[in-house]
């Protein structure tokens, strides 16, 4: 059963009755003013007639609205729901209005049944039909807004949580060039300036390369493995200058297939973590090996744990795993046998379809929100049309019946309303239905073929 369905209970019937009562009062006052009712009896009949329309149209369309919402969701099946609402509303409203008109004009007022569709009665029927369609539109728009707000609140909350979580993870990983590393590097540079100016110059050059690489790659999803290995070598040379002979590393210049990709700056984070969590001294040197094994890049180091470091939160490793999880179904492997610590990073050829599908879903969600906003504007426009046009017809027939100028706003505004409806349903007279979606899908597929998988 659709989650948007509202079951008719005593409470919901009571709420519907209160709404219809409000409409009865509003239109009862309007009818009294429009038809010049000044007597108690005339005003009473205005309210009775208003009540017949409000409750007859209101409750019926309320049941229709709830039934249709149980069959088609406003959010995920907008087209079906709109068309079903229009057809059902017209098929219900017009016969009910004519039935109420018959009761009022023939049975109550005693007019001849033969004249029911003649003369001014035709305009009166048209007036009440358009007015009733306006009320029906209001009721459907009210149901739409309730379901839309409920669905959007749930979806927005969900998307905000996901977006904030993923953004935090993403940015955390991209900004993992530890401030402590910068602080320590500046300390090393300060000492080198006094002791060995030439070495200080080399250190500054390599440090600038490291930060330039970070600035260039931080916003990318994947980078060629060759570039990341070059960066890792420069980074390790910096660590070598900092710890001298206490750090040993083996990094290949290239691997079997240099077309393979890797998440940028993941090596930097793993190398810095190795230094951060282990004793680094000439008596207990830290050895780091980087090599390829099948379709993984292995980063392996011996374990000399620092005693005072406390329990690791493993936030950095989790960030790497989560970032890979955003672009591929291949997982990051972590092994610890108390002698060596080994991390296996997947080597990718192209961006996995998971990322494409996630981006596509996000795009669909954004477009759905935009479309719902357009639908809301359309209903407001339609409600205004159905409420204003009857009064224009009345004013025309009451004060200048010789010239029916009301047709101009009916057709002019109606054409604009038609184009608005076509826009909401993504229909172009020249390009056909869903042309925008087709073109966007085509462009996204072309773009996906050029992206990393």
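Just so you know, glycine gets a Cβ as well, placed from its N, Cα and C.
Because TrEMBL annotations are produced automatically, they should be read as predictions rather than curated entries.
Between the listed ranges 351-368, 405-422, TrEMBL ties the annotation transmembrane segment to 405-422. Checking the ranges 16-36, 142-162 against TrEMBL, the transmembrane segment annotation falls on 16-36. Residues of the same chain lying 6 or more positions beyond the ends of the transmembrane segment (42-64) and with a Cβ under 8 Å from any Cβ of it are 8, 16-17, 19-21, 23-25, 27-32, 35, 85, 88-89, 92-93, 96-97, 100, 103-104, 128, 131-132, 135-136, 139-140. Confidence annotation: the domain 'Signal transduction histidine kinase internal region' (168-246) carries a mean pLDDT of 75 in the model. Within its own chain, the transmembrane segment (120-139) is flanked in space by residues 23, 27, 53-54, 57-58, 61-62, 65, 89-90, 92-94, 96-98, 100-101, 105, 111, 379, 382-383, 385-387, 389-390, 393-394, 397, which lie at least six positions past its ends and keep a Cβ under 8 Å from the stretch.
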